[in-house]
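Written out below as structure tokens is the structure these notes cover.
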Amino acid sequence: MGVDMNDCIFCKIARGELHSYKIWENDDFVAFLSLYPETEGMTIVIPKEHIPSYFLEVDDEVVCELMIAAKEVARILDTKLDNVLRTKVVFEGLEIDHLHAKLYPKYRGAVPEQTGANMATEDVLKKIADKINN
């Protein structure tokens, strides 16, 4: 992917060059409300330093620090927003090549997500497990 940090939208937010609704910040990370929320209060937590988004290639120490930051922000969402049962934390890194966590508050009474997935058969599960384990 190789995005230049000068062109990275998350770097621009971290540097204060783009407007955002920041809700939490420390020396190394910042959390802001998503402009395209899938649920009210959806929040993005990013390191201020540009780090490519593929989670498996990131130093373990940075991953742990991001997890701690995301946990702290999730607690804030759970506490400050009305009727939140819990906050889902997702690390995907597919849309913007800057390491980030997406936080989705889950509200009481909200309709559960429908994935459209069918239950896998035993044969399919066994084949995949064998491939992974061998």
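Quick reminder: no glycine exception, Cβ is built from N, Cα and C everywhere.
Pulled from TrEMBL, these are the features on record:
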ACT_SITE  HIS100  active site, tele-AMP-histidine intermediate
DOMAIN    9-113  domain 'HIT'
Other C-beta atoms that fall within 10 angstroms of the C-beta of HIS100 (active site, tele-AMP-histidine intermediate):
24
Calculate the per-residue pLDDT averaged over the domain 'HIT' (9-113) and state the result as an integer.
94
May I have the DSSP-based helix, strand and coil counts for the residues of the domain 'HIT' (9-113)?
30 helix, 28 strand, 47 coil
